[in-house]
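Engineer: Attaching a single structure in C-alpha cells format; questions to follow.
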Amino acid sequence: MQTDNNCIVIFGASGDLTHRKLIPALYNLYKIGRLSENFSVLGVARSDLNDETFREKMREALIHNEETTPETLDAFCSHLYYQAVNTSDAQDYGKLVPRLDDLHDKYQTCGNTFYYMSTPPSLYGVIPECLAAHGLNTEEYGWKRIIVEKPFGYDEKTAQTLDVQIHRFFEEHQIYRIDHYLGKETVQNLLVLRFSNGWFEPLWNRNFIDYVEITGAESIGVEERGGYYDGSGAMRDMFQNHLLQVLAMVAMEPPAIINANSMRDEVAKVMHSLRPLTSEDMENNLVLGQYTAAEINGKMEKGYLEEKGVPANSRTETYIALRCEIENWRWAGVPFYVRTGKRLPARVTEIVIHFKTTPHPVFSQNAPENKLIIRIQPDEAISMRFGLKKPGAGFEAKEVSMDFRYADLAGAQVLTAYERLLLDAMKGDATLFARTDAVHAAWKFVQPILDYKANGGRIHEYEAGTWGPVAADKLIAKQGKVWRKPSGLMKKKV
C-alpha cells in the first residue's frame, strides 16, 4: 500500500539525523515502491544551499550509507528540494508558503504535508508557532502532521510546558512523537507473540512469571556528543522514553482492536500503574553510574569525565539500573529490572521473561530456568529456553533452546525503524507513536530520580567495558537473582 501524495518538510535538513536516518529511510521506501511517485521532500535549515547543492549532499549520504543504483538514486533525488530559513524567525517562515504552494501543485498533493522537527529541542515549541503564523498548520487544504523527536521535554514540568506550546497550534491527532524503538520489528512482534498465541498469554502474569529484565546496552561512549549528552544522561537519553515504552509493550493488556487509540490507551494504563518511586527506592532499588577509563581490546578508552565537551566535575549518569513494579492485577509483586548504560561490553537491547520454577524439583535442584529472550537489536531474534533430559543414564535436565531469527526468513522485507515510522506517519497511523498522556506519566514516574540526582544522590563508578557498577549486581542479588549477560542468541543457519 502506497502513501498519500504528500510533501515532507524536514527542519534541520543539514543535520546528522537527516543524512544518516531520514533521507536513507525515504530512499528505501521509494526504492521498494512504498512511496507514491507524487511526493516531495523540502529540506529546511539556516545553511545557504540551493536545490542542486542539497541534492548532491543527500546523494553522497545515500551512496555512503545505502545500496543504491544510479537510476533509482537519480529518480529519488529529483524529488528533493531545499529552502534556507532562519528557524528562530517567524517572519522568515513566509518563504515556505510559495515553495510549498509550488510543490503541492507540481506533485498534486492536495496540500498534504508533514513536518519533521530534526532540530535541537529548543526549537520544538518555536517551529509550530512560526508555521501557524503563516497558516501552515491548518487542515482546510489537506492534512498537516508534525513529528517531534525525543527528548519530549527535559523533566515533568518542561514536558507539560512543551505540550501546551505545541497544542496551541496543532491538535493531538496531528502530533506524532517518535520513538524509533517502537519501529523495530521485534518490539512489534512482541505484541503478536503475546496476543495471537494461546500458549503465551495465559502464562503472561504474576502467577507464572518470576521477574522481567529489560536491558538497553551500548558499547560506545558519548563519542562527539559529550556536550549534548551531559545535559541529558542515561535517564533522559534512553530510560524515560525507549525503555519505558518497551516495558509498557511487555506489560500492557490486550487492546480491544489494533488501532492507535486502543493500543495507546493500554500503554498509558501501564505508565499510570507504575508504582511511584519513594526515597526508600532511591537508596535500595536504584543505581546510577558513570564509566571510568579502562583498557578494552588492547586500547585505552577514556572515562566519561575525560570525554570532549564533558565538564570535569560532571555528575551526569551514563548508567542506570532500576527495580520497579506495576500496581495492577496482572503484575502485582513481579519486579521489572531495567538497566541501560554506555561503554558496556556489547551493543544489545533485549527483554528476558523469567518464568517461575516448578512447585517441586522432581529431577534436580538445579533444573534449567525457563526463559523467553526477545532480542530487539542487533540480530533481531526470539529464543525460548527450557529443560530436556541430558542424553545418557539418569534424568539430569539440560537447557535447550527453540530459536527464531528474522534474518532466516527468506525474502523477508523488514523495514528499519525509521522506514516503518515514517511510512506510518504518512498514512496517518499513530499506533507506534507516543501519546501525550503516556509521555506525561513516564516523566512523572522518573521525576523522583531526577530530583534525587539533583540533590546529590550517589553516582557509582564502573570501568568501561564492564556490565556496570557492582552496586547494580547487588541490587538484583537482593532477591537471589542475577542479570543475564547477553551474548549471541543463536548461530546463523548455513
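The backbone N, Cα and C atoms fix where each Cβ goes, and this holds for glycine too.
Quick caveat, the model's predicted, so the values are computed rather than measured.
Features from Swiss-Prot:
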type	residues	note
ACT_SITE	His242	active site, proton acceptor
BINDING	Arg46, Lys150	NADP(+) binding site
BINDING	His180, Lys184, Glu218, Asp237, Lys342	substrate binding site
Engineer: Given the recorded positions Glu218, His242, Lys342, state which is nearest to Lys150 (NADP(+) binding site) when distance is taken between Cα atoms.
Structural biologist: His242
Engineer: If I take the alpha carbons of Lys342 (substrate binding site) and the residue listed as 'active site, proton acceptor', what is the distance between them in whole Å?
Structural biologist: 15
Engineer: Determine, to the nearest whole angstrom, how far the Cα atom of Arg46 (NADP(+) binding site) is from the Cα atom of His180 (substrate binding site).
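Structural biologist: For Arg46 (NADP(+) binding site) versus His180 (substrate binding site), the Cα atoms are 26 Å apart.
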Engineer: Helix, strand or coil for Asp237 (substrate binding site)? Use DSSP.
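Structural biologist: Asp237 (substrate binding site) sits in a helix per DSSP.
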Engineer: Need the DSSP three-state call for Lys150 (NADP(+) binding site) to compare against my parser.
Structural biologist: coil
Engineer: Give me the non-local Cβ neighbours of His180 (substrate binding site): same chain, 6+ apart in sequence, Cβ-Cβ under 8 Å, ordered along the sequence.
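Structural biologist: Long-range Cβ contacts: Ala417, Tyr418, Leu421.
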Engineer: Which one of the binding-site residues (Glu218, Asp237) has its C-beta surrounded by the most other C-beta atoms within 10 angstroms?
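Structural biologist: The residue with the most neighbouring Cβ atoms within 10 Å is Asp237.
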Engineer: Whose Cβ, among the binding-site residues Arg46, Lys150, has more other Cβ atoms within 10 Å than any of the rest?
Structural biologist: Lys150
Engineer: If you count Cβ atoms within 10 Å of the Cβ of Lys342 (substrate binding site), leaving out that atom itself, what do you get?
Structural biologist: 25
Engineer: Long-range neighbours only, meaning 6 or more apart in sequence with Cβ under 8 Å: which ones does His242 (active site, proton acceptor) have?
Structural biologist: Asp179, Tyr181, Gly216, Thr340
Engineer: Would you mind listing, in sequence order, the residues at least six apart from Lys184 (substrate binding site) in the same chain with a Cβ closer than 8 Å to its Cβ?
Structural biologist: Ile376, Gln377, Glu380, Ala417
